[in-house]
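Feature list (source: Swiss-Prot):
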BINDING   GLY46, GLY47, ARG68, ASN160  substrate binding site
SITE      LYS11  site 'Transition state stabilizer'
SITE      LYS219  site 'Transition state stabilizer'
Amino acid sequence: MSTNNSVLVLKVGGALLQCEMGMARLMDTAAAMIADGQQVLMVHGGGCLVDEQLAANGMETVKLEGLRVTPPEQMPIIAGALAGTSNKILQGAATKAGIVSVGMSLADGNTVSAKIKDERLGLVGEVSPKDATYLKFILSQGWMPICSSIAMMDDGQMLNVNADQAATVLAKLVGGKLVLLSDVSGVLDGKGQLIPSLNGKQIAELVKQGVIEKGMKVKVEAALEVAQWMGQAVQVASWRDASQLVALAKGEAVGTQIQP
């Protein structure tokens, strides 16, 4: 049986949910890895679905420095889109690929501690690792947890957590290898070329130049945080080429490596 050190933590973005072929390829790859004894934990966002649901309810999407602002009146819709629809779409794709999965959120199993991140962002949470028991049990059965980024404070208040940050915390919790998957192949330079490797100093310089901004800035900073915490590189790669994941599981580099 695999140990915690072999857990592959895959964070997938909302764009994947709109690409049936991409989901199928990714889940087929995950199924093959699980059959080979690799433990896989999936963490997801769902920004596109959230935007659609808010618009359908006559509400506006507001972002501050790349992070979604979550007013209290939007929380039920955001929770439904992430912990409900997005989670079950991914679970359906996993089931179709023959994976036994457990749909969950950050609020389940006493997994994380949650608090308000910044009052300016409304009900946006910041989480820290708490108890790995629930996740370890699911993984030990050869099942794949599919975790949404909805958390809960001790008083029962739901919070919306950035999915990259959620994946970072869960990777810390299980001592796993983190891969941030999006619809781009990695971090691109000012000319649109892939940057194979970056460290903290280089990231700071590219942020200053405006090359890394908005959503990618959040993604890269989350990757840098976990790389420094765990003392190992974190990958930023594309789900469009799921075969990259097999290479990654073998220890080969794909996408952009964020160095500690």
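Glycine is treated like the rest: Cβ placed from N, Cα and C.
Feature map: annotations from Swiss-Prot on the structure.
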residue : record                             : Cβ neighbours (10 Å)
LYS11   : site 'Transition state stabilizer' : 29
GLY46   : substrate binding site             : 28
GLY47   : substrate binding site             : 21
ARG68   : substrate binding site             : 20
ASN160  : substrate binding site             : 27
LYS219  : site 'Transition state stabilizer' : 27
Report task. Starting from the Cβ centroid of GLY46, GLY47, ARG68, ASN160, which together make up the recorded substrate site, report each further residue of the same chain whose Cβ lies within 8 Å of that point, ordered by sequence. Result -> GLY14, GLY45, VAL50, ILE78, ALA81, LEU82, SER149, ASN162, ALA163
Report summary line: Spacing of the two Cα atoms, LYS11 (site 'Transition state stabilizer') and GLY46 (substrate binding site), in whole angstrom, works out to 11
Query raised in the report: Should ASN160 (substrate binding site) be counted as helix, strand, or coil on the basis of DSSP?
Result: strand
Query raised in the report: How big is the gap, in Å, between the Cα of GLY46 (substrate binding site) and that of LYS219 (site 'Transition state stabilizer'), rounded to a whole number?
Result: 15
Report task. Can you grab the distance from ARG68 (substrate binding site) over to LYS219 (site 'Transition state stabilizer')? Cα atoms, rounded to a whole Å. Result -> 14
Query raised in the report: For GLY46 (substrate binding site), what is the secondary structure by DSSP, using just helix, strand and coil?
Result: coil
Query - Three-class DSSP secondary structure - LYS11 (site 'Transition state stabilizer') - result: strand
**Report entry** Whole-number Å value of the largest CA-CA distance among GLY46, GLY47, ARG68, ASN160, listed as substrate-binding
**Finding:** 12
